[in-house]
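Worksheet for the structure shown next.
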């Protein structure tokens, strides 16, 4: 008696059974592929890390310019050409010389300021003592000597040499003086009375004290400008008289300049800065230059009303990129490479393997093992892609970990979800296309075609979407959506998809839904064609749905293009409309031909009934596309402010565009009904379409002129317009060729002839002509 197994045991049994069926495909050269994938993952991850590390550690001017342009660092982060920051230096030897000169200059500045502080402090003490002396004693100035000839007061009123400070100058009783000796000397020709001399001297002392206090503020301000650097000036002082006596007695042992000697000698203070003395001896020329107030050492700081910190002339540039930024860049790069492996390498391998099985005729044999079509599709997706799965998974795990360490853990949910959905959809599409092309085209060519179909639109779409040029790039395959959403983690200026706009979110969701629909359609095609290779690639219902999807792509593209480009007139709006719709008609026509019903035998072609039905379906597609694109055109026209302008519908141009569409689909239908001569049909149809596109461009220009002159619309063939008879003849020729192609594609007599000839022909697939005339690229 049969007993049902528990649900858990049934699921486990099913998984074991599925694994037994998939194991022969997975274990084929498994060890070698695992080792190769591991080595490739280590090499790619290592090269990525070392490349990012080298790029972010380079300290050359070119590397800095690139990083600034990419937004990885600020232009003024360390140095720049501005006056308030040091210039950038990229040579260690040049910067070492600048550092040496800067350190020397800094020590000389600090030593001079230290010496000035000693002198001013000593002078202020002398002035205090002089004030006390004048308060308790009256001096007789009648002898016309300084302080009446009193040596003590004369000594106290002697001011030191204060260069490089501004020259001391003060006013007493409306008269200017440069020192106190002149003020303390009475002259009979002067205006001052002898009785007022003490008061005048006391007033002068007060003015000098005020000036010295101002000098102390200047010195403090100058010292504050060097607060960021440590001048390393000693606090040890030496006796001034003994030091200068030694210099005078042993002059041959000192390198100090005469200016410096005089400056030290006139310091008046008992103590002297040892650092200043040693620096004057070590760098005599530089120290003597620093005693001038206009010297560049002080940078005009004595007279400048605004005090700013001093900085080196140049600063050695070092890359300010942090380890977190390196993790972000490396994780982003590894994530993008993983996406390429899953979305480009895996579909190419899958399509090639599927085409090889179809080419070898082993698919029906594999079905005899009891594998269902879904299991066989899973085997085609996993078995040949063990290398890609291990490599992509390793890179994806490493990139995800680095980005999560950089603080993007939550933001990774969207890219990971998109990667899983788009990988499944792309692989399913590759299975369907590889099976369709593998019966008539070499497997390597199939892989190349699939790769070109993914890579070229992917590169274009990634550039458009990631650089925020146009969101239309999201509609160009599976790669742009992943690349655009992942590159924003690298914090590169202007790179990465911003999901802030409603149209961007709509186009992303629409692109994913359309690719999932295409993958499911290809999976359904695979289920039908595993044993019946002559079955059509798409059923008519699937072709209709995909055609409607392409119409939606055209409408969204028009909205996006007009949003990124300002449309000020009808010419610009018409051009954008044409560009957004130019890929629509070939897609519709291909879907029509791919979904044609054919008899259930190899090398079968569609009959006239199916061709006519397909042609009628195409008219429905044209009407639907015209309605949607026209509605979108009206919305954009009103949004651009052109809705209130007087405008006429361009019937002549629209008629010519309809002729182009009908001619193109007629050429495709004609080719689908032929077993031989497909290349000739392609040349004839292509030449007719090119000629009619030229007619569209010329008709548009002539119709614009007609509307501008008559304020009325032109009729088809420009029947009511004043045009050259040669142009009219050219339009008639275009219409004649187009209608001839339509009638040829839909006529019945071709099928009747083939029916009469068919019994005498051997329609065995083994007798297929492997040349170009007998091939059907899509079944």
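The chain as shown is numbered from 1 upward.
Every residue, even glycine, has its Cβ placed from backbone N, Cα and C.
Automated prediction, rather than curation, is the source of TrEMBL annotations.
Some features that TrEMBL has for this protein:
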{"type": "TRANSMEM", "residues": "333-355", "note": "transmembrane segment"}
{"type": "TRANSMEM", "residues": "376-406", "note": "transmembrane segment"}
{"type": "TRANSMEM", "residues": "412-433", "note": "transmembrane segment"}
{"type": "TRANSMEM", "residues": "445-467", "note": "transmembrane segment"}
{"type": "TRANSMEM", "residues": "507-524", "note": "transmembrane segment"}
{"type": "TRANSMEM", "residues": "544-563", "note": "transmembrane segment"}
{"type": "TRANSMEM", "residues": "575-593", "note": "transmembrane segment"}
{"type": "TRANSMEM", "residues": "614-637", "note": "transmembrane segment"}
{"type": "TRANSMEM", "residues": "649-669", "note": "transmembrane segment"}
{"type": "TRANSMEM", "residues": "681-702", "note": "transmembrane segment"}
{"type": "TRANSMEM", "residues": "726-746", "note": "transmembrane segment"}
{"type": "REGION", "residues": "758-779", "note": "region 'Disordered'"}
{"type": "COMPBIAS", "residues": "759-770", "note": "compositional bias 'Acidic residues'"}
Contact ranking winner - 333-355, 376-406, 726-746 against the transmembrane segment (445-467), Cβ under 8 Å: 333-355
Range from 412-433, 507-524, 649-669, 681-702 with most C-beta pairs under 8 A to the transmembrane segment (726-746): 649-669
Close approaches to the transmembrane segment (507-524) from elsewhere in its chain (Cβ under 8 angstroms; 6 or more beyond its ends): 374, 377, 418, 421-422, 424-433, 471-472, 474-475, 477-478, 481, 497, 499, 538-539, 542, 545-546, 549, 552-553, 556, 560
Same-chain residue ranges lying at least 6 outside the transmembrane segment (333-355) that approach it to Cβ under 8 Å: 44-45, 48, 52, 380-381, 383-385, 388-389, 391-393, 395-396, 398-400, 402-403, 415, 419, 422-423, 426-427, 429-431, 433-435, 437-438, 441-444, 446-447, 450-451, 454-455, 458, 478-479, 482-483, 486-487, 489-490
